[in-house]
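A.B. asks: One structure coming up, written as C-alpha cells, with questions to follow.
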C-alpha cells in the first residue's frame, strides 16, 4: 500500500538456521534491506536477527509474542470502546501460555489497563511473564487479574479475547487434553452475557474454529460433539 519494495522468503526458499546461521543470514539481509520482519516459531531467532542485522527487525509472530497483532488489537479497542485505554477492561480466556496470552498480559500492564486472564492455572503464562507484568503494572497503575473462573474474568469487561486451543505443528492427540481442560472456557453467548456489559465485544486474532465448516471443525464435531471450539 505504501509503495515499499517487499521480498518474501518462505521456509523452503531459505537456509536460515539450517545451512546458514542466523547470524550470517541477519548480516546479509541487513545489507540488502532497510528492515526485516520475522514470522516463525522461535523467539530466540528474531532476537538473534535483531542483534546482527544492523537494521530494524520486527516480530511478526513467534511462539512467545505477537506484538504486531497486539498493536492492531489496541487500535481496535481504542476505536470501539469510547474510553481512554487506561479505563478500558479486556479479558483473555483460554490457553494463555503462548504468544497472545503473553502479549495481551504484558501490553495491558505496560499501558495501565484493566487486564484479565481466565484460564486453568496449568495454562497461565509462565511465572517469568507474570512477574514482568506485575513489575510493569506497579509503574503504570494497571489492574491485573489471573483467575481460573471465566465468569469472574469477564465481569464488567469491555472486550473478550480468545485464540485457538491447539497451535500449528502440535500433534492431533493434543486436542483431547486441551478440550478436557478448556471446555469451560469457550466464548459462548452465556459468557458474553456474564460480562454484564451490553457493549462488550468479542475479539480473535484468527483463524477461529467457530463452526463445522472446516475439516478440523467437522472432525471436532464428530469426535467431541462440539460445534465450534474456542468460540461458538
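Placement of Cβ uses the backbone N, Cα and C atoms for every residue, glycine included.
Sharing the features that Swiss-Prot gives for it:
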BINDING   15, 39, 66, 67, 68, 69, 204, 205, 206, 207, 232  carbamoyl phosphate binding site
SITE      79  site 'Important for structural integrity'
BINDING   99, 163, 167, 168  L-ornithine binding site
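Map these features onto the structure and tell me what's around them.
C.D. replies: Listed in sequence order, the residues of the same chain lying 6 or more apart from residue 66 (carbamoyl phosphate binding site) and placing their CB within less than 8 Å of its CB are 59, 99, 100, 103, 205.
Residue 79 (site 'Important for structural integrity') falls within a helix when secondary structure is assigned with DSSP. The Cβ of residue 79 (site 'Important for structural integrity') lies under 8 Å from no Cβ of any same-chain residue at least six residues away in sequence.
When other Cβ atoms within 10 Å of the Cβ of residue 168 (L-ornithine binding site) are tallied across all protein chains shown, the result is 6.
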A.B. asks: Given the binding-site residues 15, 68, 204, 206, 232, state which is nearest to residue 168 (L-ornithine binding site) when distance is taken between Cα atoms.
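C.D. replies: So, of the listed binding-site residues, the one sitting closest to residue 168 (L-ornithine binding site) is 206.
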A.B. asks: State the three-class DSSP label for residue 206 (carbamoyl phosphate binding site), counting H, G and I as helix, E and B as strand, and everything else as coil.
C.D. replies: coil
A.B. asks: Suppose we draw a 10 Å sphere around the Cβ of residue 204 (carbamoyl phosphate binding site). How many other Cβ atoms does it contain, all chains included?
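C.D. replies: Its Cβ has 19 other Cβ atoms within 10 Å.
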A.B. asks: For residue 232 (carbamoyl phosphate binding site), what is the secondary structure state per DSSP, taken as helix, strand or coil?
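C.D. replies: Reduced to three states, the DSSP call for residue 232 (carbamoyl phosphate binding site) is coil.
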A.B. asks: In whole Å, how far does the CA atom of residue 232 (carbamoyl phosphate binding site) lie from that of residue 163 (L-ornithine binding site)?
C.D. replies: 12
A.B. asks: Which residues of the same chain, at least 6 positions away in sequence, have a Cβ lying under 8 Å from the Cβ of residue 163 (L-ornithine binding site)?
C.D. replies: 92, 94, 95, 98, 100, 101, 204, 205, 230
